[in-house]
Amino acid sequence: MPKRKDIQKIMVIGSGPIIIGQAAEFDYAGTQACLALKEEGYKVILVNSNPATIMTDKEIADKVYIEPLTLEFVNRIIRKERPDAILPTLGGQTGLNMAMALSKAGILDDLEIELLGTKLSAIDQAEDRDLFKQLMQELDQPIPESTIVKTVDEAVTFARDIGYPVIVRPAFTLGGTGGGICSSEEELCEITENGLKLSPVTQCLIERSIAGFKEIEYEVMRDSADNALVVCNMENFDPVGIHTGDSIVFAPTQTLSDIENQMLRDASLKIIRALKIEGGCNVQLALDPYSFKYYVIEVNPRVSRSSALASKATGYPIAKLAAKIAVGLTLDEMINPITGTTYAMFEPALDYVVAKIPRFPFDKFEHGERQLGTQMKATGEVMAIGRNLEESLLKACRSLEIGVCHNEMTSLSNISDEELVTKVIKAQDDRLFYLSEAIRRGYSIEELESLTKIDLFFLDKLLHIVEIEQELQMHVDHLESLKKAKRYGFSDQKIAEIWQKDESDIRAMRHSHSLYPVYKMVDTCAAEFDAKTPYFYSTYELENESVQSNKESILVLGSGPIRIGQGVEFDYATVHSVKAIQKAGYEAIIMNSNPETVSTDFSVSDKLYFEPLTFEDVMNVIDLEQPKGVIVQFGGQTAINLAQALSEAGVTILGTQVEDLDRAEDRDLFEKALKELGIPQPQGQTATNEEEALEAAKKIGFPVLVRPSYVLGGRAMEIVENKEDLREYIRTAVKASPEHPILVDSYIFGKECEVDAISDGKSVLIPGIMEHIERAGVHSGDSMAVYPPQQLSKQIQETIAEYTKRLAIGLNCIGMMNVQFVIKNEQVYVIEVNPRASRTVPFLSKVTGIPMAQIATKLILGQTLKDLGYEDGLYPQSPLVHIKAPVFSFTKLAQVDSLLGPEMKSTGEVMGSDTSLEKALYKAFEANNSHLSEFGQIVFTIADDSKAEALSLARRFKAIGYQIMATQGTAAYFAEQGLSACLVGKIGDAANDIPTLVRHGHVQAIVNTVGIKRTADKDGQMIRSSAIEQGVPLFTALDTAKAMLTVLESRCFNIEAI
């Protein structure tokens, strides 16, 4: 069927900020879809609130709106643009929920707008638990016994009938939010109560638990002519009971017989046809390992995290084709872009194994609840490709960047057998390493299977890895053992460890015997047809399929898996850098390990290597491709950390040189550089042990800010008040980077701002200064940032620009640089300098219109700012006000304290832009879900050092009609100052303590601060977590509360009696 001519203008809804459960895969899907629709000649309108995405670049759609994804704003845009149709299936759960809301509000009918891709009835049937159950019964598809409940009592009655364990799944929530497995009535009551609150329709599904079954996923496509196919089938290493986003996954399925595969395939195709989905769809099934019995778990009627993985695992561009199907094209008339000859109707065939391992944030959140269940906790994931399962698993392990180069954590060798068995049974994020340790200790795989319900096939592969380790131990320097280990994915580093040698010795031994990896192409058809894609993975076999071209090439290192502190912003910079390299006439090569992102889309670069970002893997690509040089400044800390070793191996690092990177990172060198340049910084010292640190703190005076050098996202950074806390910090935190000393700085409590600059070594372009709303002490990634600055005098802005120029030239920066400043008493201090692209690059590029990463790349390749038509110094300011606001995922992470501080905690960001600060703030708060009602009750519980400041806020809240409530100490202080506040009870005082009031909906907002000492107060944490659970706006920094107040006041009319 040819494409539709009756529609011209299509609106695509994006997925908003990155949160746990909805990450960069939707940027990849949305970007592909917009480009595919433009390619077919449609006018595309995009709405998304997340500036850190490629999808919100001007060239991706005809019109791009970076506005809050709320009914109020989307409705306005629709009325302004009048699209003929809306495509909601590429915006994750956010997109689907928005489509449902627009329909319920009558907007779609009113303006005669059609929904493309998936009909509303299908979204309803897949998402509404009752309708889904009815449909499965009609299709004779088995589902676990279940019931829909609207109260906790109904849940208890049902569970008594069918017996425990049961699973609770709230309707219309994302990433299993609010759900869980309950093995007792007590757990059931707690989880159901929370689940009902989180479900927008106040309903939960209670179902019999099938934990322990194999979890299998099918990624399917269907078009309007009812052609349907399976793109990829995937098998979870972990059995049912752990969210698929938190499971290790292999593609294709590894343990199914042909009969089982066909049975589940038929079920998946039957379901997509019954739902009449036009586009992509993901079906999750549970298979009994001991019979042919299976259950359908759930269906996602949209592009999902699994479809991004399936696209990268097979090379089949699901989102692109889904967008074209939505406008009427069919699978049998679209060419598969990978082969360029076969049609999209061909099911991909794989002659390799793909492994995906999730990346968790527990290196940042040491107190977080690490046990895995039906609620997702991973922030990102890595993928690796190999010719056997062992190879792909080990490559994925070393892609994770958690300090391991193998499926082994050395720290586990000291734990007791008892602890080991507990950790093997109760799955945590690192269970793979505990399982491997158990096998090394001689536990039989049969025993482990009965404890974990993980298939023997997988455990046998882990045993095989251990057998190869033992073989290496017995045959040191043996070439055949080396060859075998390399074939199964062992790294040089691991082999060196076993043979007690240096990694370079193993590399030399490989080279002397011509033992190099070859690169195989990902071609969707198991090499049956010729493919034209430049998409490769390494393996130790004979035939190499990647040929060096005769064009000069440049290698760009990506940023690996998404984690807190290193998000999609770095991928954004990577993609832009590649565009500039191609424009300059070079061949652009990307190396990365993250399946969710735009950078690993094979159509972005001239060549893509899907490989771990380790020294060995990068060097292997360099040996083959012989690029002119490598760019490391766009890949976050991941790429910067490789610069030293690559440079020592003789590789040309383009842009800022390694010794200059070192001058910015190494404390003593940095201090020396600042002194030479005459730039003030907070007084500070380095320390390598406890005595030195105490001595430094004594000299500088408390409070001090302590942190390890060479880290990203404020990892292990703390503000310390006294000697005892400093000792405690050194004993627990310094392990963050063993060979580098820690830094002890005077802590200046002032206004913070940051600058991104681009330098060619002689002149420096400063696109803009971003002023932080929160004062120093809150990590820059967690602060709200305003551009252009609203409260900095012209003189201070000039000083900042001057210092930035001096730094860029003094540190020989070529390309990007980020500088953070703190201002106190009109004095500007430099806190830190990062000679690389930072997380503010996409935001600043969008609001200034300067394609910063592209310009930086051109400078790295030898052009000057003057060549490109840019002046030296601060770029003219934008007339609008733009705000970047952080977005957190605390609802997904139990036991993680939501208090803001110097260690970064946000997972994503949104942007609000308008003609005034108040309007821009309003949009930013709406976009990050901090909607505050116009009146209600607000609770203050404030540390002594900020009570005076809180008082003036409380007075302003009262003036606009809020009722003030406060805890004992705060209420007493307010009363002394003439402001009466309702007293709330102490924690544990069942009737009116804060958590109880919050639970009953009596509180609209909470302002809760702790002293500089930031002691982990149990009560405060309970108050904060109750606010997070119930979705009540919580302010842990007075500056944020002040910003919100500004918005409320601007929307308030003055009402006075005459």
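Backbone N, Cα and C define each Cβ position, glycine as well.
Site annotation (Swiss-Prot, ligand ATP 2) includes Ser746, Ile748, Glu752, Gly777, Val778, His779, Ser780, Gln820, Glu832; from Arg707, Arg727, Arg731, Arg806, the additional listed residue is Arg707. On the backbone, the CA of Gln284 (ATP 1 binding site) and the CA of Asn834 (Mn(2+) 4 binding site) stand 44 Å apart.
DSSP classifies Glu298 (Mg(2+) 1 binding site) as strand under the three-state reduction. Gln284 (ATP 1 binding site) has a Cβ environment of 21 other Cβ atoms inside 10 Å. Looking only at Cα atoms, Arg707 (ATP 2 binding site) sits nearest to Asn834 among the binding-site residues Arg208, Glu215, Ile242, Glu298, Asn834.
Arg129 (ATP 1 binding site) falls within a helical segment according to DSSP. When the Cα atoms are compared, His779 (ATP 2 binding site) and Arg208 (ATP 1 binding site) turn out to be 44 Å apart. Under the DSSP three-state reduction, His779 (ATP 2 binding site) is assigned to coil, being neither helix nor strand. With respect to Arg129 (ATP 1 binding site), the closest of these binding-site residues in Cα terms is Glu298, chosen from Glu298, Gln820, Asn834.
Cα of Glu832 (Mn(2+) 3 binding site) to Cα of Asn300 (Mg(2+) 2 binding site): a distance of 44 Å.
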